[in-house]
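Student: So TrEMBL lists the following for this protein:
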REPEAT    49-91  repeat 'LDL-receptor class B'
REPEAT    92-134  repeat 'LDL-receptor class B'
REPEAT    135-178  repeat 'LDL-receptor class B'
REPEAT    179-206  repeat 'LDL-receptor class B'
DOMAIN    268-304  domain 'EGF-like'
REPEAT    352-394  repeat 'LDL-receptor class B'
REPEAT    395-437  repeat 'LDL-receptor class B'
REPEAT    482-524  repeat 'LDL-receptor class B'
DOMAIN    556-595  domain 'EGF-like'
REPEAT    634-676  repeat 'LDL-receptor class B'
REPEAT    677-719  repeat 'LDL-receptor class B'
REPEAT    720-763  repeat 'LDL-receptor class B'
DOMAIN    853-890  domain 'EGF-like'
REPEAT    938-980  repeat 'LDL-receptor class B'
REPEAT    981-1023  repeat 'LDL-receptor class B'
Amino acid sequence: VECRPGAAPVLLFANRIDIRQVLPHRSEYTLLLNNLENAIALDFHHSRELVFWSDVTLDRIMKANLNGSNVEEVVSTGLESPGGLAIDWIHDKLYWTDSGTSRIEVANLDGTHRKVLIWQNMEKPRAIALHPIEGKIYWTDWGNTPRIEYSNMDGSNRRVIADTHLFWPNGLTIDYAGRRMYWVDAKHHVIERADLDGRNRKAVISLPHPFAITVFEDSLYWTDWHTKSINSANKFTGKNQEIIRNKLHFPMDIHTLHPQRQPAGQNRCGTNNGGCSHLCLPSNKTYTCACPTGFKKVDSYSCATGLDKFLLFARRTDIRRISFDTEDMSDDVIPLADVRNAVALDWDSKDGYIYWTDVTTDSINRALWNGTKQEMVVETSLESPAGLAIDWVTNKLYWTDAGTDRIEVSNANGSMRTVLIWENLDRPRDIVVDPIGGFMYWTDWGANPKIERAGMDASNRIVIISSNLTWPNGLAIDYETKRLYWADAGMKTIEYGNFDGSDRQVLIGTQLPHPFGLTVHEDKLYWTDWQSKSIQKSRTGSDPSLFASPPVVHNPCAVNNGGCSHLCLLAPAPKASSCACPTGINLQTDGKTCTPEGLYVFLIFFFLFHKYNRCRNKVLSCVYVFACVAPHAGKVYWSDSTLKKISRASINGIAHEDIISTGLMTTDGLAVDAVGRKIYWTDTGTNRIEVANLDGSMRKVLVWQNLDSPRAIALYHEMGYMYWTDWGEHAKLERSAMDGSDRVVLISNNLGWPNGLAIDMAGSQLLWADAHTERIEASDLNGQNRRTLVTPVQHPYGLTLLGSHIYWTDWQSRSIQRADKNSGSNTITVRANLPGLMDIQAVDREKPLGFNKCGRRNGGCTHLCLPRPNGTSCACPTGILLKGDGRSCDDSPETYLLFSNRVSVRRISLDTNDHTDVHVPVLELHNVISLDYDSVDGKLYYTDVTLDVIRRTNLDGSGMETVISQGLKTTDGLAVDWVARNMYWTDTGRNTIEVARLDGTSRKVLVNNSLDEPRAIAVAIQIQAIYLKVYYCVRTHHAAITSNESCRIFWVDAHLDRIESSDLNGKLRQVLVSPVSHPFALTQVPPAPPLLLTLSCHTLG
């Protein structure tokens, strides 16, 4: 926008969902910014050509260029209801009001050096206007005592200039030339004016519901919520009222965009920011150097570079600090990303990190106190991490988890994580550590509320408080007085006692609403309260003179990590420290060294939790569960039926990759042949059993007939057998060779929902779990000698075997169970409280792999070598026939169909009987409608009607290029002339038929009249004619092909639901197939001789 003195003003206004401009006398109405959430306040900086606005839905202050470009966030944290905004165009500062936080704040134009300027005696500050030439701020407040105030722009010399006959003082503007201010009161339906000191107050106009106001020369302009309009009137008399623009969405703030509204004035701060290190704020005649919120001034010009003393607190979606270095005690939001539900936090003063737990993302995070270097340090196997404590001496992180009922520890960066306490915990809440004494303390508000103490290495655990507790929440340690403080939300008290629980006393017993967090600083105790939503403080009762510098703590782990190979943990005297290992790794007999190889014998189990698929393992030689691990080959494999993928990762959770990501529907069963390096799976959606190499290559359908919901699958490599359960209409348990041959039903009676399946090779028996009959059963490997092992079991799902025991997951009891594999006796719960449990597998890394039948030269096979009971067989990927030598395969099928499914291209081989579709790896498909194949160059040509392009690619996905990229609207038909090297296409959007060379050059329109949505197209090469079929109902789809052998054309009609043909002149028409359910495309098989066939095959889902 270009405005000149004397030129007509432009009105800039917020309309909630957009920001617009209007010329008052011509009503020209233009859009500046759109797709906004709830834009309320705005202002501009004319010389910098910037517009600023606040959004009270996003709680953001934004800026953009006056042409609408370069939208940026300026202030993104700590806002609640920023309803007023004003720009100091001389000193380049941004001021705003927030009726939610009851503050007026200031910052640089980019949001830096943010400072709470006025916070006392504020209720609901609303509109704000600046007079930088005079160094004044004016604002309205429509709290319980509505008023209009002003102060210097550094916050000094604050005064009330109007506090009578006000109710909802909304808009406020300054007439710089007339030295007056105007405001609107929506409750009193009036526009008033007064001198800048509040004198000579006078009503100007009565109105329905005015919201914001601006002034230019002799006119006032305002927005009105009731009439949804922008209006104007004479500023002296209130007469000559006009409607500038009506029928607006929701007009909010308004300004006159003109240089006269931002007149030039003296910059009090000069060119060097007044010599200030941070903020230079103008006052009446001079300026003041000011510091960002919480930072103290070290002299008249400079601010401290850091905070000496501050209070940290979590407020669910943000983390804030209150500085003790300044008098205002204003809270300042630490600029962190994606804080969903912060509960516990702690501070490491040595490294400057803040740590916090988030019970929505189930993670432990850290960042520097200024918000930089934010990272997740623990992000797996957490369910409700509500307590957190930093051991600042050895740099350890301790936390409680009320979901898993565990207390864990790790290095400060999350590495070397181990479980310290897992038994007899029932909803542990807060935790604090005392590195001086080597103890940790925690609250537990389960069925028997208590406060416990143990060494920081989990030794010497005792209950120190167990009576008169209900919901023991926050804990705090006073190191000087050696007292432990705790808050109880049920008892509504704060109490304290000695470190051993003795000498218990009530500090505050005056019915606190709901105390939660607790901390001690010098002689004061601070706590958060959920119900009153406040932070409160009280004296501890200690003598302030007792407080001195923290004592120097001896660190026995400082030298050579205390002699430990992994974790060195502090412990009570006389031990001082002890060594520990990451979960699942045993400490050797020397008490210092952890087993180097890691896990040997463990369970892997999968479960659904918070909409994520997760896997965990349980170590049998230690005790409990943590993150994802791998089976024998060092990898863990899993299927995800929501993402429709099969994936794998390394033992430490890294190197995650998807190995199968196409052609899956509901992959309920998975088995890895670690010996033969193959993966097998069942799919209840496609009713198939498939196999592939461990990297997903050479995928083959093994079984596809007579399957009805195949579920679990198990392999016996040494015998060459695979077993699977099927819980379709006629539930059964089947077996075949691992190449799919020699299939036989073993058990077909008295089965309901046969879920888990396991093979006991040592005992030569088959074991399965049935969730309908509520039994775990066994038989020999031929299905004979069937017997019940365990009954009843509530809802068994996964089943595995290790040593002399069977393990299974149970959906209903949410637990992992164990029993003797031969008798089913001695049933115990291995792990409870695991909602969403799925499959489970046992891993014994000490057990030898066994002999690989295909180990030598892949069994002589060029592609897949699959075990059989009496040897091996060679096989080819799906759709490809094995050659006559019984060992080798072609690279692709001889005869096949190609079809599109909007976002994919697939191939169905006609060489084999399974007719399984295989994805052609073409990327970036959005809406493929038509395709054709050039057999000369082996190229696939296709149209994408979302991108409006024609592209070609090799069938392996390589060499993709766009041949037509412009002038297309809806390209529904495509045909390739492989002889003349041309392609033809129809465009239903432009009603044309066009032709071009196969590389897109020499493009020409062939037909552009008498067409009404042409669809399919086919070419008959022999007679060099084009045949096309058009349709007149948009809900009807046709396709056409030609056959040069019979000199006929074939087409499908989706409206008449039939397939027809005629000769090439449209004569001798006949119906071939009817009815056909909504046919869309067709092709001819087998193909005609070379140079005589077109292939045009299309499908829509």
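The first residue you see is number 1, and the count goes up from there.
Including glycine, each Cβ sits where the backbone N, Cα and C put it.
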Student: Could you give me the DSSP helix, strand and coil counts for the domain 'EGF-like' (556-595)?
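Tutor: Helix/strand/coil tally for the domain 'EGF-like' (556-595): 4 helix, 10 strand, 26 coil.
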Student: Write out how many residues of the domain 'EGF-like' (853-890) are helix, how many strand and how many coil, based on DSSP.
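Tutor: Within the domain 'EGF-like' (853-890) the tally stands at 4 helix, 12 strand, 22 coil.
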Student: Checking distant contacts: for the repeat 'LDL-receptor class B' (352-394), what same-chain residues at least six beyond its ends satisfy Cβ-Cβ under 8 A?
Tutor: 306-307, 312, 314, 319, 321, 334-346, 400-404, 410, 412-414, 417, 428-433, 435, 440, 442-443, 456, 553, 555, 557, 568-570, 609-610, 614, 616, 625-628, 653
Student: With Cβ distances under 8 Å as the criterion, find the stretch in 49-91, 179-206, 482-524, 677-719, 720-763 that has the most pairs with the repeat 'LDL-receptor class B' (395-437).
Tutor: 482-524
Student: By a Cβ-Cβ criterion of under 8 Å, what residues six or more beyond either terminus of the repeat 'LDL-receptor class B' (720-763) are in contact with it?
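Tutor: Beyond its ends, the repeat 'LDL-receptor class B' (720-763) has Cβ neighbours at 669, 671, 673, 676, 678, 680, 682, 689, 691, 702-703, 707-714, 769-773, 778-779, 781-783, 786, 796-801, 806, 808-809, 821-822, 839-840, 853, 866-873, 875.
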Student: Which whole-number mean pLDDT does the model give the repeat 'LDL-receptor class B' (49-91)?
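Tutor: Its mean pLDDT is 94.
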Student: From the DSSP assignment alone, can you count helix, strand and coil residues within the repeat 'LDL-receptor class B' (938-980)?
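Tutor: Summed by class, the stretch gives 0 helix, 21 strand, 22 coil.
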